[in-house]
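Database features (Swiss-Prot):
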{"type": "BINDING", "residues": "GLY84", "note": "anthranilate 1 binding site"}
{"type": "BINDING", "residues": "GLY84, 87-88, THR92, 94-97, 112-120, SER124", "note": "5-phospho-alpha-D-ribose 1-diphosphate binding site"}
{"type": "BINDING", "residues": "SER96, GLU230", "note": "Mg(2+) 1 binding site"}
{"type": "BINDING", "residues": "ARG170", "note": "anthranilate 2 binding site"}
{"type": "BINDING", "residues": "ASP229, GLU230", "note": "Mg(2+) 2 binding site"}
Amino acid sequence: MSITPQEALQRTIEHREIFHDEMLHLMRMIMRGELSPVMTAAIVTGLRVKKETIGEITAAAQVMRELSRKVAVADTTHLVDIVGTGGDGANTFNISTCAMFVAAAAGAKTAKHGGRGVSSKSGSADVMESLGVHIDLPPEAIARCIADTGIGFMFAPNHHPAMKNVAPVRKELGVRTLFNILGPLTNPAGAPNILMGVFHPDLVGIQVRALQRLGAEHALVVYGRDGMDEVSLGAATMVGELKNGEITEYEIHPEDFGLAMSSNRALKVETPEQSREMLLSVLRGEPGSAREIVCLNAGVALYAANVAATMADGIARARAALDSGAALARLEQLVARTRALAAGG
């Protein structure tokens, strides 16, 4: 079923849904650059104002997946993405990136999909680059990296070439749109398990249901009540969990895992270099709130990856991976492997 751009815009003005097949058609036109920048901007702004439905988000994500450059991972057992929508304004160091190394050292395979900082001081690509990781590998090299080190980093612009058709509109609008919530739904490696942080409480239920429709196996969508798009140490965290096809929604608290509640102020950074130093301090085993929040998020990721039976078990495994030096060693392996692959090795 097709819909004209003008009809779609009128629907958003009237706060009416664009149905699944219509959204597929509309999104393909947008991603192929068939609409003018003015019409694209009007439609994505209209969707934002009326609030995107689960069906609209799911259809848009399907099109982005369809047009992406995929990473073929042979064995997706324990494969997990740790990702956030961004836009929480917290400007913390790269917690999910640090948690990725810890989770990989504790038995998960991590396929992280990220880009440069837009709303934050340091995006995952910025800090990975500052750590010496080669982020511009082709899909087949990333698949080898996951097989060899348990970690693959997918630089989003390399895997979503069609995004170039909407990038100028996004930049000029300068506000959150549908595309901010699509990125975490479109992992090019098809990770069946995911820990996703979101920037608004309403997105917990929306994103976990979109993941359900998109075929995810074990997903946890989280929102820290202090505004963080991570599992938070500073407040309760809302959780939407998809497991065995069923969705449950609940809250978790740092105290549930024997962790002291603490402010996020000590986690803030101004530059990718500061984020790099804080991340390295955690991997080197230094104590403090940065270590605690990484253990918390890595532990939940290990639960999402079905490596740990419970979140508490995951946190214990995360601590052990840091204490043994295995997490730092995993970073060093990734740097060496990506450089070798970039050189053709």
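Along the chain as shown, the residues are counted starting at 1.
In case you wondered, yes, glycine gets a Cβ from its N, Cα and C as well.
In this structure the C-alpha atoms belonging to THR92 (5-phospho-alpha-D-ribose 1-diphosphate binding site) and the residue listed as 'anthranilate 1 binding site' are separated by 12 Å.
DSSP classifies HIS113 (5-phospho-alpha-D-ribose 1-diphosphate binding site) as strand under the three-state reduction. Within 10 Å of GLU230 (Mg(2+) 1 binding site), counting C-alpha to C-alpha distances, fall the following of the binding-site residues GLY84, SER96, HIS113, ARG170: GLY84, SER96. Here is what falls inside 10 Å of the CA of ASP229 (Mg(2+) 2 binding site) among the binding-site residues GLY84, HIS113, ARG116, ARG170: GLY84. In this view, HIS113 (5-phospho-alpha-D-ribose 1-diphosphate binding site) is surrounded by 26 other Cβ atoms within 10 Å of its Cβ, with every protein chain counted. All protein chains included, GLU230 (Mg(2+) 1 binding site) registers 28 other Cβ atoms within 10 Å of its own Cβ. Around the residue listed as 'anthranilate 1 binding site', the same-chain residues at least 6 positions away in sequence with a Cβ under 8 Å from its Cβ are SER96, PRO184, MET196, GLY197, VAL198, PHE199, ASP229, GLU230. Under 8 Å, Cβ to Cβ, and six or more positions away along its own chain, ARG116 (5-phospho-alpha-D-ribose 1-diphosphate binding site) finds GLY123, ALA125, ASP126. Between the alpha carbons (Cα) of HIS113 (5-phospho-alpha-D-ribose 1-diphosphate binding site) and the residue listed as 'anthranilate 2 binding site' lies a span of roughly 19 Å. Looking at THR92, SER96, ARG170, ASP229, the binding-site residues in this record, the fewest other C-beta atoms within 10 angstroms of the C-beta turn up around ARG170.
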